[in-house]
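Student: Dumping what Swiss-Prot says about this protein:
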type: REGION; residues: 1-90; note: region 'Disordered'
type: COMPBIAS; residues: 33-54; note: compositional bias 'Low complexity'
type: COMPBIAS; residues: 79-90; note: compositional bias 'Polar residues'
type: REGION; residues: 112-184; note: region 'Disordered'
type: COMPBIAS; residues: 133-143; note: compositional bias 'Basic and acidic residues'
type: COMPBIAS; residues: 152-166; note: compositional bias 'Basic and acidic residues'
type: DNA_BIND; residues: 178-237; note: DNA-binding region
type: REGION; residues: 305-327; note: region 'Disordered'
type: COMPBIAS; residues: 316-327; note: compositional bias 'Low complexity'
Amino acid sequence: MEGSNGFGIDSILSHRAGSPALPKGDPLLGDCRSPLELSPRSESSSDCSSPASPGRDCLETGTPRPGGASGPGLDSHLQPGQLSAPAQSRTVTSSFLIRDILADCKPLAACAPYSSSGQPAAPEPGGRLAAKAAEDFRDKLDKSGSNASSDSEYKVKEEGDREISSSRDSPPVRLKKPRKARTAFTDHQLAQLERSFERQKYLSVQDRMELAASLNLTDTQVKTWYQNRRTKWKRQTAVGLELLAEAGNYSALQRMFPSPYFYPQSLVSNLDPGAALYLYRGPSAPPPALQRPLVPRILIHGLQGASEPPPPLPPLAGVLPRAAQPR
């Protein structure tokens with residue numbers, strides 16, 4: 001391999017024989033020697049160890065030193081790319097150990113080997129530094145990504161803990177029950193329910209079940225209808241009592257609601273003391289029924305067109321007593 005490349009001992013000696021004589025202590029000769037000629041006792045090691053020697057400057061710049069001539073063999077084998085490569089490697093490596101300084105004095109073929117394409121290869125220390133910088137950058141990216149992922153996981157965990165704590169602290173929200181659809185009763189069902197309600201305002205469990213079975217309804221539907229109907233009946237009754245109290249027809253009021261009966265407090269408060277006393281202390285026996293209905297008699301008399309007023313009705317058996325006058 002050394003003979004084929006032209007950098008062996010024989011080739012270097014043959015080039016030295018063909019070149020003009022150089023001074024004995026010339027630093028250029030000491031720099032261009034092979035590592036086989038170098039020894040720890042040689043004085044040329046001082047030339048290799050000094051970074052500012054003129055021989056090194058001549059080799060690195062590729063120009064002959066003033067006062068000395070370079071051989072034609074060396075000029076044919078030395079290229080600017082080969083000479084600049086050791087300088088670049090030496091500038092990149094900042095170590096000042098003896099081992100590193102002696103490594104800079106290796107042969108020219110080892111300093112800048114030719115690539116397959118004919119171009120000089122990139123210096124090895126620079127490539128190592130670039131690869132190391134890329135690896136450091138990747139490590140930093142991985143660390144930052146892991147830190148970001150851990151931070152996001154920690155934030156998600158904190159939000160979950162806050163939601164759990166807030167749900168524990170806050171009272172449970174009661175969901176509204178879905179409103180049931182109203183039952184559509186038929187005319188026949190409504191008529192039967194109204195008849196049953198006229199007979200009795202409150203149904204027993206057995207009567208309610210029988211009525212529901214006869215009308216093809218559920219027990220709950222019949223119960224709900226009766227509750228709504230009783231509410232409507234009480235409201236209408238309260239309005240009728242107020243109208244009768246305003247008109248002063250206490251006898252009709254007694255016929256509608258025989259004693260004992262629980263009258264609303266609002267109705268009793270609007271009545272005079274005598275009427276209120278009569279409502280609570282009236283006769284327990286029901287009053288006798290009228291001999292003739294009142295409304296049809298008035299209507300028939302109005303239809304006849306008689307100018308004379310209708311004859312007076314016979315007096316009722318139960319007459320409202322007058323309030324006792326204070327003496």
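Glycine is no exception: its Cβ is also placed from the backbone N, Cα and C atoms.
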Student: Quick test of the contact rule: Cβ under 8 Å, at least six residues beyond the ends. What residues does that give for the compositional bias 'Basic and acidic residues' (133-143)?
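Tutor: Apart from its flanks, the compositional bias 'Basic and acidic residues' (133-143) reaches none.
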Student: With DSSP, how much of the compositional bias 'Basic and acidic residues' (133-143) is helix, how much strand and how much coil, in residues?
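Tutor: Grouping H, G, I as helix and E, B as strand yields 11 helix, 0 strand, 0 coil.
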Student: For the DNA-binding region (178-237), provide the mean pLDDT of the predicted model.
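Tutor: In the predicted model, the DNA-binding region (178-237) has a mean pLDDT of 91.
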Student: Could you break down the residues of the DNA-binding region (178-237) into DSSP helix, strand and coil, giving a count for each?
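Tutor: Helix, strand, coil within the DNA-binding region (178-237): 42 helix, 0 strand, 18 coil.
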